[in-house]
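Structure, as structure tokens:
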Amino acid sequence: MADTSPALNEAGKAMIVARGVRKHFGAIHAVDGVDLDIRGGELFGLIGHNGAGKSTLFKMMLGLIPITAGEIRIDGAPVGAGGGSFRAVRRKVGYLPENVVLYDNLTGLETLDFFARLKGVSPADNMRVLERVGLVHAARRRVREYSKGMRQRLGFAQALLGRPRILFLDEPTNGLDPEAIRGFYAILRQLRSEGVTTVITSHILAEIQERVDRLAIMAAGKVQAVGTVAGLRERMDLPLWFDVRVAPADFEAVRAVLGHLPVGAVEAHDDHVAVQCARESKMAVIAALASLDGKVLDLSVREPSLEDVFFGFSD
Amino acid sequence: MEFSQITTIAGKEFWDRIRNRWVLAVALVFTVFALSIAYFGSAQQGAVGFRSIEVTIASLVSLVIYLIPLIALLLGFDAIVGERERGSLDLLLSMPITRFELLLGKYLGLAGALTFSTIAGFGLVGIVLSAQLDLNALFHYFGFMLSSVLLGCAFLSLAVMLSVFASDRTRASGLAIALWFFFVLIFDLLVLGVLVVTGGQWGGEALPYVMLLNPADVFRILNIFTLEDVRTLYGLATVFPATLAQPWLLGLVMAGWIAAPLAIAAWRFRR
């Protein structure tokens, strides 16, 4: 997915670079030696259980908490440096914190006005930003009256102010319904085509795995693996499963054929047989099953899920 | 330092207090109290009506010295810890704003709201009274208003400081009440106690300087008149030597009481 993105080919230089980054809270090593290269224009996922160190890494990238050791560079500028570069970097960045909290007494539009002023951008665009996240109808209502999903969308709108080149989104789809999640990723894809670099954390793997260009799996303060979903699957060399649908009368015949093939576990179910097989035997198994003309009614392949990859790495 | 960042934060804090009618409520409290004291303050002596500016201000001072520190502490105690506890601080700090700009903006916005209510509340009463006051009396009343503003700003600065140090809102509110008790009720008693116990042997010389360590006492001294029959209304402050009681000097001490807690807060808030 990553390599076919025109924006990425155009702006594939390293936008966020972490080298040997550590964060220790006393004896707790929340982040314990992270190296990461996130390219310009990339939609990058940071996956891990709660407490894996994602949010801490995020906060260090934003300069919200000091780095114990190592270095993080955003678009070439080291994070944590004071002076003019601090503001210049911040103006390129949009941030949506986990469980964003906004001001209940302000309206949606006033909220954006406030943050636009802090970011030093004209509030003239604010209505357009609200339109983008689907909140125009509630622009003049107090945040107090917003649902959780609407607050999340307003938080996202705030992150989009000033056309940032980098977006940090911490569990951004919390509280969104499936429809809103689809809309949210549609916006992210659009931003990606505009060359915006997005880093997104999640612990909902199913949601993120088909939507990011690359991802990093974090566990125990370390990045356990980085790559595309396909690349990670391949590297883990996890076996895949065939679901072979057969007529009950033919069960034994099919089982006999499978017995001569390089397959792993074979599980008989009501109307199908589940067959585990190593990746390199995939084509041989398909060919053998295809030869059982008439006996095999249907055949489907189950790839290992990111969950399998994830648990493979983080255990 | 970017001035626009400070004014953005300060503007939000100020308008928040206007919109939720905090400013209106506090101004009303001040107006009602000041009017009651001016017209009914001498009811105990069997008379009703405005007596003199000295008596009025002396009564106002003894009221304001309780009220303004409490209001200021309640206004400021959750300035930072509140944002932290609600979870909105991270987002604010991810903006192109320094921690010092955020802190100063918060303080100035809240100080603006408190100053506005103080001047509106007492100013209204001043206008009502102005028909019965000569220029000299008006000048004293103006001095009282100004010192009330300084008193509020000093305690607000203390409140913002503890709001940076406190780990949660509950602790911050407890500390705010403790500070109020200490400066408004306990401090003078402690000083008096030491004086009495030592028979005036210890601390007598240093007493005026010790009183500068309490912004509430500085406020009291700022409002002392030479009028003898009023001096008794000011308690401990009457022992203050005239040489030290220069308004500009005391104003400077108040400025120190505003700047020092803020500076400590800024130092602590850097990380």
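Placed from the backbone N, Cα and C atoms, the Cβ positions cover glycine too.
According to TrEMBL, the feature transmembrane segment maps to B:21-40 (among others).
Per TrEMBL, the feature transmembrane segment maps to B:60-81 (among others). Long-range neighbours of the transmembrane segment (B:60-81) within the same chain, counting only residues 6 or more positions beyond its ends whose Cβ lies under 8 Å from a Cβ of the stretch, are 13, 17, 22, 26, 29-30, 33-34, 37, 89, 103, 106-107, 110, 113-114, 118, 122, 144, 148, 151-160, 162-164, 166-169, 172-173, 175-177, 179-180, 183-184, 215-216, 219-220, 223, 233-234, 265, 269.
The transmembrane segment annotation in TrEMBL covers B:102-129 (among others).
Feature annotation from TrEMBL assigns transmembrane segment to B:141-165 (among others). Residues 53, 57, 60-61, 64-65, 68-69, 71-82, 103, 106-107, 110-111, 114-115, 118-119, 122-123, 126, 129, 133, 172, 175-176, 179, 183, 215-216, 219, 222-223, 247, 251, 254-255, 257-262, 264-265, 268-269 of the same chain sit 6 or more residues outside the transmembrane segment (B:141-165) yet have a Cβ under 8 Å from a Cβ within it.
For B:177-202 (among others), the entry in TrEMBL reads transmembrane segment.
Residues or ranges marked as transmembrane segment in TrEMBL: B:248-267 (among others).
Of the candidate ranges B:21-40, B:177-202, B:248-267, B:21-40 has the most C-beta pairs within less than 8 angstroms of the transmembrane segment (B:102-129).
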